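If you check TrEMBL, you get these features:
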DISULFID  Cys129-Cys132  disulfide bond
DISULFID  Cys470-Cys473  disulfide bond
DOMAIN    54-207  domain 'Thioredoxin'
DOMAIN    422-550  domain 'Thioredoxin'
REGION    555-583  region 'Disordered'
SIGNAL    1-18  signal peptide
Amino acid sequence: MAALKTLLLLLLPLLVLATTVSIVATANDTTKTVTTSTAVDIDDDEDLSFLDEPKAPKDYPDYADPNYRPQGDDIDYKSFEDFQQWDESKAPPAPVIKEKDVVVLNKTNFDEFISNTKNIMVQFYAPWCGYCKKLVPEYAAAATELKEGGFDVVLAKVDATQETELADKYKVDGFPALFFFTDGAIKSYEGDRTRDAIVSWLKKKTGHAVYNVTSTEEAEDIFLAETKLVVAYVDSLTGSDSEVLDAAAKQEDDVNFYQTTSSDVAKVFQIDTDAKRPAVVLLKKEIEKLSKFDGDFSKSAIVDFVSSNKHPLVITFTMESASFVFEGPIQNQLFLFAPAKQSEKLIPTLVEAAKAFKGKIIFSYVQMENKDYGKPMIDFFGVDGDAPRVLAYTGHADRRKFFMEGDITSDNIKSFAEDFLADKLRPFYKSDLIPETNEGDVKIVVGKNFEEIVLDESKDVLLEIYAPWCSHCQALEPSYSRLAKHLRGVESLVVAKMDGTKNEHPKALVQGFPTILFFPAGNESSDPIIFDSDSVTGAALYKFLKKHVTTPFKIEKPSSEGGEPVTIETEAANGSPDVKDEL
């Protein structure tokens with residue numbers, strides 16, 4: 001959660017571009033992954049150093065790199081510059097923290113310890129990570145409290161900078177990463193990084209997760225203290241019904257479960273005491289205060305009921321709620337963008353419409369003038385002007401968005417939402433203005449000229465989709481420009497780039513920056529080929545092109561001795577040796 005909140009704080013320009021450093025795009029109707037590593041069928045001895053700036057050798061894994069950015073380039077790291085330049089040798093000595101109850105794991109003992117321990121939480125950390133350092137005393141204290149309390153759970157840690165194979169195995173992409181292993185299952189811990197939060201979460205996962213309520217005084221205190229809770233009116237506090245409720249409670253991290261056999265207690269929680277038992281309700285301090293469970297009394301049914309009803313009908317978008325909105329199980333989203341002064345009138349309208357779409361669409365309100373998240377959301381979605389707007393969004397599936405036309409009324413929103421679910425709406429795509437001149441070695445692509453340049457069936461097109469703040473993109477820029485310069489005279493080939501934060505196209509679905517796509521000539525209707533390699537260099541891109549171009553070309557290599565340039569020939573993807581273009 002700490003990593004996610006940092007991501008959201010720095011923010012949404014690419015909040016939905018899932019956290020990844022790899023240069024990939026999701027397989028879907030418009031984009032298909034074609035694995036293309038640098039180990040293509042080429043001459044590995046070919047000297048292409050002239051396409052890249054010389055770099056110092058790297059003999060350490062990413063996890064051991066103090067400049068490694070665990071969340072990839074989905075956020076702007078300018079605020080971390082001081083941290084990156086920090087000289088650890090000048091730092092004051094760290095306080096001594098007793099970690100006597102935290103087990104240290106490595107590749108030699110990890111598997112055996114996991115298999116022989118029923119319940120274990122494992123923290124993957126990096127010694128240079130500030131969040132990890134903050135967690136050390138909290139994690140150690142939680143381990144000691146649980147051990148001294150006799151709970152059947154162990155806390156352990158793994159140095160991911162040393163145990164890179166383990167970190168890769170469990171897909172660690174941020175620090176600290178906490179996983180809970182129990183009976184062969186693995187669950188990521190996304191709660192607060194504090195002693196109390198960790199202890200409470202583990203007690204719920206390993207002990208009895210349902211609290212018994214036997215008096216009205218206790219019930220009233222709980223009712224006042226909880227913002228949302230689940231209560232079951234049962235025949236017995238033990239037995240099969242209680243076990244089902246306990247299993248469901250263990251699946252919910254942010255809702256407490258209670259049970260009672262007292263009719264007086266049930267009345268405090270607004271349960272109809274004449275109803276057939278077990279009777280379950282979910283209570284929350286929102287406009288919709290009470291939700292009644294009417295399904296089969298099973299773990300899965302109760303979990304689904306709680307998941308669909310625990311959040312308000314309309315969520316006020318904040319840093320805290322963003323993770324649920326964008327990372328929750330319901331992908332379809334509908335946003336009301338409105339100034340604070342008009343929200344009192346418009347939110348009830350949105351609430352009324354939302355009642356018909358519970359469990360199908362997440363409804364959210366975004367305060368337009370809020371600088372922390374309102375403006376970034378406006379920029380991300382391309383909302384123009386300062387008038388209230390309603391927008392629908394498909395989430396991670398394909399990230400299409402749709403603007404509602406007409407007045408913001410409950411009936412109009414309902415009709416819009418119905419058409420959204422039925423896929424009857426026309427999506428909106430952002431675009432910069434088409435540049436007045438576009439004569440550079442690297443052609444500038446925007447949303448409005450994407451089809452003209454990228455989908456030109458007479459050209460092979462290499463397209464980089466970048467973000468201005470992306471450090472990987474900035475590092476690639478010199479090599480990409482150098483490659484384009486050497487290929488400028490090849491009439492059959494276009495080297496282009498597009499600012500993915502301001503421009504969109506259905507053929508350019510992006511998950512991380514930079515994303516590099518190749519569009520073969522004569523295949524306007526087909527999917528692009530995705531450059532998927534850990535090595536993003538001018539030489540690697542040239543080899544990638546050499547493998548996939550439909551029209552072969554020549555590239556001239558500068559002579560190191562001042563003689564005539566050396567010509568390197570390529571073949572077409574079908575193996576044809578004919579060369580039609582030359583620098």
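Using the three backbone atoms N, Cα and C, a Cβ is placed for every residue, glycine included.
Confidence in the domain 'Thioredoxin' (422-550), given as mean pLDDT, stands at 92. You'll find the Cα of Cys132 (disulfide bond) roughly 28 Å from the Cα of Cys473 (disulfide bond). With helix defined as DSSP H, G or I and strand as E or B, the domain 'Thioredoxin' (422-550) counts 34 helix, 24 strand, 71 coil. Here Cys470 (disulfide bond) is positioned 20 angstrom away from Cys129 (disulfide bond), judged by their C-alpha atoms.
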